[in-house]
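What follows is one structure encoded as structure tokens, with my remarks underneath.
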Amino acid sequence: MTLNGQPLLFYVYFLNCLSYLASLKEWVTLDTYISTFCMRNYLHSRLLSLHGLFMVTVRIMSIYLILFIILSYLVWIRCIYCQHRRAFFKSLKHVMNVLSSRDTNCSEISALIVTAHPDDECMFFAPTIIRLVELNVSVHLLCLTEGNYYKQGAQRKQELLKSCAMLGIPSSSITIVDHNKLPDDPTAEWSIPLVSSVIVKHIRAHSFNLVLTFDGKGVSGHANHRAIHKAVSHLASTGQVPNDCSLLSLVTVGLFRKYISFLELPISWLLPSCLCCIVGSRGYRQAKAAMLCHRSQLLWFRYLYITFSCYMFINTFQMIPQEPKNLKIY
Ligand SMILES: [Zn+2]
């Protein structure tokens with residue numbers, strides 16, 4: 001090695017050092033990059049798993065919340081039913097005592113259900129009839145047609161007797177009107193004075209002190225149902241009803257409420273009414289058996305009605321206001 005060779009050696013050594021440092025930097029950069037990439041993926045996957053865990057928790061909590069709401073609603077319905085069984089007698093007495101000055105017992109109540117067609121009694125009034133019969137109230141039925149729209153009057157009369165027997169009304173307490181001016185026809189306009197006179201004669205002849213019928217919408221909207229309400233309202237407004245006779249109309253509920261079965265109970269219970277009649281599963285079976293007595297009417301939609309109609313479980317009534325009878329005008 002010469003002196004001239006020393007700078008060359010140093011130069012070569014310097015270059016080696018630089019290349020080493022360069023290679024080291026590359027490795028460090030690559031290593032850092034790989035580490036960062038892995039960390040990011042790791043964190044990303046961790047975040048994904050945390051998000052997934054959160055969503056699963058939310059879903060489970062939602063299912064529990066829905067189950068809790070459903071169970072609470074069912075328990076509420078059960079509580080309403082139990083409360084109703086205790087309060088029904090009191091509310092019935094209250095209705096009877098609104099017009100009467102003296103305290104009325106159940107055995108003194110003589111109730112008349114006024115309907116238009118055979119099957120109205122079980123389709124719409126079954127809970128009321130069942131509850132009144134349970135309290136030993138004398139329940140009667142006045143049906144204003146034989147249900148002869150499809151010329152099946154004779155058969156439908158027999159079906160009505162069977163249905164009433166199932167609900168607890170004896171055949172001696174059933175009156176079926178067959179008047180040529182009161183046809184079973186949704187397009188027929190019944191004479192209100194005629195219907196009024198038929199009803200009031202029956203009320204006076206048997207001294208009924210409680211009359212229950214349709215309201216102005218007729219529950220199903222049938223013209224014959226609405227005509228009965230108009231006739232009873234006419235009697236009430238003209239003071240032709242005996243002093244101690246209470247008149248009640250069955251409340252028509254909207255389409256949604258009508259077909260949610262027993263789930264409708266809390267709504268009717270909360271809304272103001274003067275009388276509420278509710279039956280449980282035993283009463284429902286009784287109402288269903290009465291419905292099945294009307295064999296000539298058992299088309300497919302009747303089975304849907306039996307399954308989903310709230311009128312198989314609950315009836316609510318409003319008082320039909322009456323004009324004071326002994327009003328003296330000076
Ligand atoms: Zn009807």
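All residue numbers here begin at 1 and follow the chain in the order shown.
Any Cβ shown, glycine's included, is placed from N, Cα and C.
The transmembrane segment annotation in TrEMBL covers 6-28 (among others).
The transmembrane segment feature in TrEMBL is assigned to 48-76 (among others). Note on the transmembrane segment (48-76): residues 263, 266 of its chain, located 6 or more positions outside it, place their CB under 8 angstroms from a CB of the stretch.
Feature annotation from TrEMBL assigns transmembrane segment to 300-320 (among others). Tertiary proximity for the transmembrane segment (300-320) is limited to same-chain residues at least six positions away from its ends with a CB under 8 Å from its CB atoms, namely 95, 98, 123-128, 212, 215, 219, 232-233, 236, 246-251, 253, 257-265, 268, 271, 273-279, 283-284, 287-288, 291-292, 294.
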